[in-house]
Amino acid sequence: LGADTTASALSAMSSTPAPVPKPLLPSSPRTEAAWQLDELLADLGHTQSKLAAAGQGAEVPTESLLDNMLDSLTRDLQELGITAAPAGVCAACRKPIVGKVLTALGKTWHPEHFTCARCGQELDKGPFFEQGGQAFCEEDYHEAFSPRCAYCASPIREKVLTALEQTWHPEHFFCAHCGKVFGDEGFMERNGKPYCHQDFLAMFAPKCQGCERPVTDNYLAALQGVWHIECFVCTECLSGFASGSFFELEGRPYCELHFHQRQGTICHGCGRPVTGRCVTAAGRRYHPEHFVCTYCLSRLHKGTFRECGDKMYCQPCYDKLFV
């Protein structure tokens with residue numbers, strides 16, 4: 001319940017004050033008959049209210065009949081020298097209360113007239129809830145005024161949890177993906193829905209291009225993606241890029257050596273990448289200075305060499321060795 005609205009308990013009902021004798025007659029103590037008359041008046045008042053509701057639409061209004069009966073009885077009592085003093089005026093029907101009286105909301109009521117402002121249920125035998133100067137039974141009060149749970153849309157009768165600018169039953173505030181109730185770690189929000197940390201990262205955090213796990217802390221942005229720093233290494237040898245530079249092939253990072261190996265630009269003579277001038281022979285590439293005769297080591301010129309196996313020879317050395 002809100003701090004400004006509390007459940008109230010009905011005040012105890014009191015009996016009608018003793019009849020007051022007429023001033024011209026000698027006073028006498030209350031008799032058993034007087035008590036019985038008070039009770040009769042109270043019962044008639046109660047019956048009047050009940051039958052008035054049941055007798056709507058009858059040819060002769062029940063309420064008028066009962067009013068006439070009460071007026072006649074009052075006159076008879078007065079002729080006997082007994083006056084039944086009213087205990088107050090009912091806030092509902094605006095008629096004097098003779099018999100049992102109920103006090104609530106700073107007013108007096110016939111017990112049967114103190115009812116729920118929505119459903120009409122009598123409230124004289126239990127607690128009630130007050131809002132705007134009106135009384136409500138518990139069910140109608142919660143339906144009309146209690147905050148609603150954002151998950152089940154039912155009224156929240158006891159503890160209320162406020163999050164994401166909405167109210168929730170505490171047991172209904174859980175991860176929108178796995179249904180786990182949040183603990184001390186709290187929650188994370190996406191599109192107005194709460195998620196546990198694990199599901200939020202799995203579903204929405206950017207994924208490392210190397211290991212495909214969520215990136216949550218320090219990261220490196222490269223090749224149109226993000227990477228854990230420890231995952232940004234050569235795809236072939238898994239070594240880091242100490243120099244700060246790398247080579248890209250098909251969206252993956254490579255060190256210089258393995259990039260050229262994949263590209264086929266490694267010198268067949270020295271095994272190192274060919275980055276400048278290049279000699280291509282027999283489907284292999286060479287630094288110009290490494291394109292030499294295997295036997296005499298003299299530099300070869302394109303069109304003036306012979307091949308045996310995967311080695312190159314100048315013509316004189318080839319003739320000497322193989323002819």
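These residue numbers are counts, starting from 1, taken along the chain as shown.
Cβ coordinates are placed from backbone N, Cα and C, and glycine is handled just like the others.
Look at TrEMBL and you will find 1-17 tagged as compositional bias 'Low complexity'.
Taken from TrEMBL, the feature domain 'LIM zinc-binding' covers 88-147 (among others).
Annotated domain 'LIM zinc-binding' per TrEMBL: 148-205 (among others), in sequence order.
For 206-265 (among others), the entry in TrEMBL reads domain 'LIM zinc-binding'.
Counting residues of the domain 'LIM zinc-binding' (266-323) by DSSP class, helix then strand then coil, yields 11 helix, 19 strand, 28 coil. As annotated by TrEMBL, domain 'LIM zinc-binding' applies to 266-323 (among others).
As annotated by TrEMBL, region 'Disordered' applies to 1-28.
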Mean of the pLDDT scores, which run from 0 to 100, over the domain 'LIM zinc-binding' (148-205): 88
